[in-house]
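Novice: Just dropping this structure here.
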């Protein structure tokens, strides 16, 4: 049987030190980096996403950073398409794709594929846009909530692109997006039980985080404070100056940006904004840990250890990812 090419996943919660370890790995391995982060795809959103500096990116390029305008949406399906293309290009040049980031849904989409959603239907889309113009997007959101409350809970009424797509899927197929995803989950579970994967690579799964959760909480608070000192509020002011950006867009709903936006709207004091931003980031980290606890064949590394690079290399050698 032909051996599949290698790939490395470097996962972990926010503020755990993933980027630093990824760069150390690229210094000693023939790897190229692919970002797995739903916020880093956006241009002009640098401080609040803790995006690597321009100097660092020039020295250690990351695919899938700064590829979209904040007015655009980016789905797990979009990521899967882009990441597979990047992985194929890296592999074709004899290198190893090293995927680093904390958007766990993206990793899952790569490994398991995505629900087979119906193609876009221009006529249905035109009907939905006409209804929105006549009734308002809130009315369409109410329609979605009536048939697919799970999707409605995830999609903001001011996110017309995702709202239109969810209703389009239901009207075209007769099944909600939630039903499609549940069917895909059942297929993925069956594939996992039989050892099949939708990703044509031999994947080494690494995760890094402080063993002490309080240490991570301290890091999160320190980083959010540092972002504010670096000009995070001014960054959001610049985004707000654009007439095509609003609080319902996926980019602006990113952790931190949402809280600063509300502060600039007068909904939160400066202290409340900072507190809620830190809490939201901690909640994100908790969700990331929840994903990781169920991840198979995962090698954990402690962020505070000084020997993570040799430990990671030893693990990669043990599973023959480097042979």
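Heads up, the Cβ atoms here are built off N, Cα and C, so glycines get one too.
Positions annotated as ATP binding site by Swiss-Prot: 12, 13, 14, 15, 16, 17, 18, 19. Sequence annotations record features per position, and here Swiss-Prot assigns substrate binding site to 14, 15, 16, 17, 18, 19 based on sequence analysis. Among the features that Swiss-Prot reports, region 'Interaction with substrate tRNA' is placed at 37-40, 161-165, with the record citing sequence analysis. Among the features that Swiss-Prot reports, site 'Interaction with substrate tRNA' is placed at 103, 125, with the record citing sequence analysis.
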Novice: Going by DSSP, is residue 19 (ATP binding site) sitting in a helix, a strand, or coil?
Specialist: helix
Novice: C-alpha of residue 103 (site 'Interaction with substrate tRNA') to C-alpha of residue 14 (ATP binding site): distance in Å?
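Specialist: With the alpha carbons as reference points, the distance is 9 Å.
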Novice: Which sequence-distant residues neighbour the region 'Interaction with substrate tRNA' (37-40)? Criterion: at least 6 residues beyond either end, Cβ under 8 Å.
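Specialist: Those are 48-49, 51, 62, 64-66, 74, 79, 101-103, 105-106, 250-251, 254-255, in sequence order.
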Novice: In DSSP terms, helix, strand or coil for residue 103 (site 'Interaction with substrate tRNA')?
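Specialist: Residue 103 (site 'Interaction with substrate tRNA') sits in coil per DSSP, no helix or strand.
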Novice: Rounded to the nearest angstrom, how far is the Cα of residue 125 (site 'Interaction with substrate tRNA') from the Cα of residue 14 (ATP binding site)?
Specialist: 37
Novice: Within 8 Å of the centroid of the Cβ atoms of 14, 15, 16, 17, 18, 19, which other residues of that chain place their own Cβ, given that this set defines the recorded substrate site?
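Specialist: Output for this site, in sequence order: 12, 13, 20, 102, 208, 303.
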Novice: Can you tell me the CA-to-CA distance separating residue 12 (ATP binding site) and residue 125 (site 'Interaction with substrate tRNA'), as a whole number of Å?
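Specialist: Residue 12 (ATP binding site) to residue 125 (site 'Interaction with substrate tRNA'), Cα-Cα distance: 38 Å.
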Novice: Between the Cα atoms of residue 13 (ATP binding site) and residue 125 (site 'Interaction with substrate tRNA'), find the distance and write it as a whole number of Å.
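Specialist: Checking the Cα atoms of residue 13 (ATP binding site) and residue 125 (site 'Interaction with substrate tRNA') gives a distance of 37 Å.
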